[in-house]
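Everything below concerns the one structure shown next.
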Ligand SMILES: O=c1[nH]cnc2c1ncn2[C@@H]1O[C@H](CO)[C@@H](O)[C@H]1O
Ligand SMILES: [Zn+2]
């Protein structure tokens, strides 16, 4: 007989459980101490604090604004110190190391190459420096007993006009470390259809992309991302809840778009803490992830921006376990969902699920036997 209490994971088990993150921004995940170091090395003088702890708190508080636009302003400082190859390589290596130390076994980490050209780098130099950093981080993680694979997603900024160029860049590097494409930035006023040519190019190339949609803006953005642009996944997509009606007696009615998203198994890259900060959702308890999971949407759990949200994959799961009484079974379900939705080839995804994720959870679930 399985008991709920036995399977409720401890914080330590949550950390050791194999996890998969599909939505994590490279420029949103720096160690505060690294921001301080890089600012000093590169003569970046606009940091609000020179002390790492104070700076870390500043990022969390400034991002806690209730508005996506204000949340995004804080990225000026991380992007500001990521303008050389050395800086990009260091940030990427530390990103892979930090994720691995947190128990992440597979990660897709995104960033916008067009934001890292202020120091004279070319788009190619940016991509190659970040890739080199990821490889170095994977190696260092392995030396410390952690296994992780990191793929890059190249993001184009939705207010800008370089998306086709970035999509072409992603396509050129598809066999060397770049697994897909994304658009990000302020959502209201910048519909995904502005970038149709980029998405159509990637579809013709049989390549993969996700689109930030349904975070700060609702259903029309999700509808465009899927039905006009052909997104493989939705970055956030949390506002799909607006197309779901729950009656007083608990009966649930899905609108046409929500039904389509569920029927087609379109992955939702949900980022609970980030949603609380940008005001998309009021509290963990009110987060649609609870209902979306019950309704069997293809839900995944993600960090979005570890620095600005003061979070990790483990912390996201700790909040969910506490709020929704999730067990290792649900953690495994979210993790398998994420691995199924990754942009790497099918055989590799299946091997990750069968040979890494399932054995990892089986071993954790057996621990109570040996207490
Ligand atoms: O949650 C988000 N919604 C929309 N855009 C975001 C979010 N988090 C980060 N970025 C934007 O993506 C860029 C590339 O990584 C970041 O510089 C930031 O402007
Ligand atoms: Zn994001």
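Even glycines carry a Cβ here, placed using N, Cα and C.
Residues 23, 25, 304 are given by TrEMBL as Zn(2+) binders; from 146, 195, 208, 212, that same site also lists 212.
Across the domain 'Adenosine deaminase' (18-358), mean pLDDT in this model comes to 97. Listed in sequence order, the recorded positions among 185, 215, 236, 304 whose CB lies under 6 angstroms from an atom of ligand 2 come out as 304.
Listed in sequence order, the recorded positions from 185, 215, 236 having a Cα within 10 Å of the Cα of residue 304 (Zn(2+) binding site) are 236.
A 10 Å radius around the C-alpha of residue 215 (active site, proton donor) takes in these recorded positions out of 23, 25, 27, 185, 236, in sequence order: 236. Residue 236 (site 'Important for catalytic activity') and residue 27 (substrate binding site) are 18 Å apart (CA-CA, integer value). Sequence-ordered, the extra residues of this chain that approach the Zn(2+) site, with Cβ no more than 8 Å from the Cβ center of 23, 25, 212, 304, are 24, 28, 110, 182, 184, 235, 236, 269, 271, 274, 302, 305. Among the recorded positions 23, 212, 236, the ones whose Cα sits within 10 Å of the Cα of residue 185 (substrate binding site) are 212, in sequence order.
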